[in-house]
Amino acid sequence: MKNSSEVKDWEKEKLNPNGWLPSRPSQQFNVIRRVYQQDALNKDADYQVPEKPLGYRCKKVLKSCGFGDCLLNSIPIARWLPKYNLRQNLVGDLVAGATTAVMHIPQGMAYALLAEVPPIVGLYMAFFPVLVYVIFGTSPHVSMGTFAVACLMAGKVVTQYSHPEFANTVNATNLTIDPGIAASQYTPVQVLSIVSLSVGFFQILMWILRLGAVSTLLSEPLVSGFTTAASFHVLASQLKDLFGVRIRKVGPNYKVVLTVIEIIKNIANLNWAAFVISAITCTIIALNNELLKPWVSKRSRVPVPIELLAIVIGTLVSRYASLKEQFGITLVGHIPTGLPEPEVPPVELFTSIALDAFTITMVTYTISMSMALIFASKEKYEIDANQELLAIGASNVFGSFFCCAPLCASLSRSYIQYQAGSKTAITSVVSAMLILCVLLWIGPFFEQLPRSVLASIIVVSLKGMFMQVKELRKFWRLSKLDAVVWLVTFLTTVIIDIDIGLAAGLLASVATLFCRSQKPYTCLLGRVLNTDLYLDTKRYRAAEEIPGIKIFHYCGGLNFATKNLFRSTLFRKIGYLKPTELVQDEDNLTKSESYEWDPNIGRKVHCVIIDATALSYVDGPGIKSLVAAQRELASNSITVLLAGANGPVLEMIERYNSLETEQLQLDTFPTVHDAVVYYKILIARQDEPAITVAS
């Protein structure tokens, strides 16, 4: 206990700039307590096993099953809308909503082409599902709607299950279909709608099962490599419109490579008018993004709507210069006015497209959650991962009846929306209302728009995804295994196909987890003089091993997959396995290539303390390996102690002992120092009772 003057001096004392240690190293603090065994500590600290998580959740649900609580939890708009502050938020929401709507128009029309459906579908996506997301969503800053990767993945399914003759139609009710093929063929919009319905179904099912954390299965290297590779698929799909050439349909696998080959074969049939339009459009948009946009952003939060200007100017030029008649330019074509009639998707296709739909489910949810968490971190609010599943799932289900593609957040639109001053989800309502005006009155204006302009908008927007290639260097420097995941995902996706690439990335991620579990951090600990600190003897020169005592530190889980590794590493570290062949590694450090049993180990080591402070989990086979190791060491008169094990590990050992005949009989201690002092006192009492052992 320090007196008041010492406390004042301590408060005035400056911290060491190299760390948190006080600048006066001579000042010491002594902590005196009894040496604890784990059972004694449990008794003194009144240890009890906590309630089971499942029972706790059930009780929590029963306590909060009232209608009001359910409404507030499942419909967030009921919580924030009554508190909406018009004076503080309305202006920002109006400006951000108008800005986002301006971006929705060109991006929606362009990305709809990736889904192999008419451009008007992209505008439907900016209206119908967005309104549902406002009701159920928890992120006010993400801009939901079309996204290149999601539309491309949906387009792959559309191409596989739809008939190309119906590619420019929106409602199947307006078609004259040959009765011979009507029973077995579907329009692209019909296939897209069942894809969206299936994705929504999976997301709502995941919400019911509370699987919001499942997105963590898609690691950052996997998502980065996958989206980077997907951008090459997007680019390849737009080459025919950029160059104005017609190519044959390529197979589902090796699409990027085969498309490039087809383009090269047909380059002699290049439409120079389309190529010039594409080059001019790409150049202007790129110059705006690189030069004008940074300059404008410093002076105004509303960016230059360069994509909207591009489609307006492109439409006017096409209309008055008769580009289709003069040069054979491919145009967008018929754009209907008004809202589409709701139509039930062809549910009989569900079993055929279920696997593809689940893949899209995982990708769209992961990307949307990642973007939502970015803005939540900036603005210091919480995102409910499970509620987002309900929000996106309900949006997809509702949008599927209006021929919408699977919903996803867009990074570019979300960033612009946030930068423009968005405060709440009213931003999305404003944007949707402006899109409604386009759907009701302005849509037919864009019928004369060249498809090469939309292709140019798509290609330029891919720059951010292409630049993710730079992240490979970061992953390589942080972890070679993460870089391998990135490379496997990227190369497989680019060379073969999107869904196969995602599956390969998942397998690579699981493999890296297994590799890491097979190489846990292990070391021998030594005591720093006159302290109770025990540190890695290879990394801390001041840490010295205690004669006759080996302290083995193990970091990770001890289970069926690592039990043999744990046992062999333990024996090797403590010297039970002695090296028979020594070699020099690159750093001129001696290491062993092979080992044999040391029959004299009992003369060198009298006690082995297993430091379990970093032991995260143990299962039955893992405990069996501990039992085997203890018995083998005990046969050589070596005492084994367990220190620092957490509550769940100790409870697992207790359950194991209650079920098995071969029990794990170890003295357990809360810290390594307790185990060391206990053993020293035990030896002192046996051999030299008169000696006093200091801790």
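Cβ atoms here come from the backbone N, Cα and C positions, even for glycine.
Here is what TrEMBL records for this protein:
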- 113-136: transmembrane segment (TRANSMEM)
- 189-209: transmembrane segment (TRANSMEM)
- 270-287: transmembrane segment (TRANSMEM)
- 357-377: transmembrane segment (TRANSMEM)
- 389-412: transmembrane segment (TRANSMEM)
- 424-446: transmembrane segment (TRANSMEM)
- 452-469: transmembrane segment (TRANSMEM)
- 481-514: transmembrane segment (TRANSMEM)
- 539-679: domain 'STAS' (DOMAIN)
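Outside the transmembrane segment (424-446) by six or more residues, the chain places 77, 80, 84, 89-90, 92-94, 96-98, 100-101, 104-105, 108-109, 119-120, 123-124, 126-127, 130-131, 133-134, 137, 140, 143-144, 311, 315, 332, 335-339, 417 with a CB less than 8 A from a CB of the stretch.
Taking pairs at least six residues apart, the transmembrane segment (113-136) and the transmembrane segment (452-469) share three or more Cβ pairs below 8 Å and count as touching.
Across the residues of the domain 'STAS' (539-679), the predicted structure has a mean pLDDT of 85.
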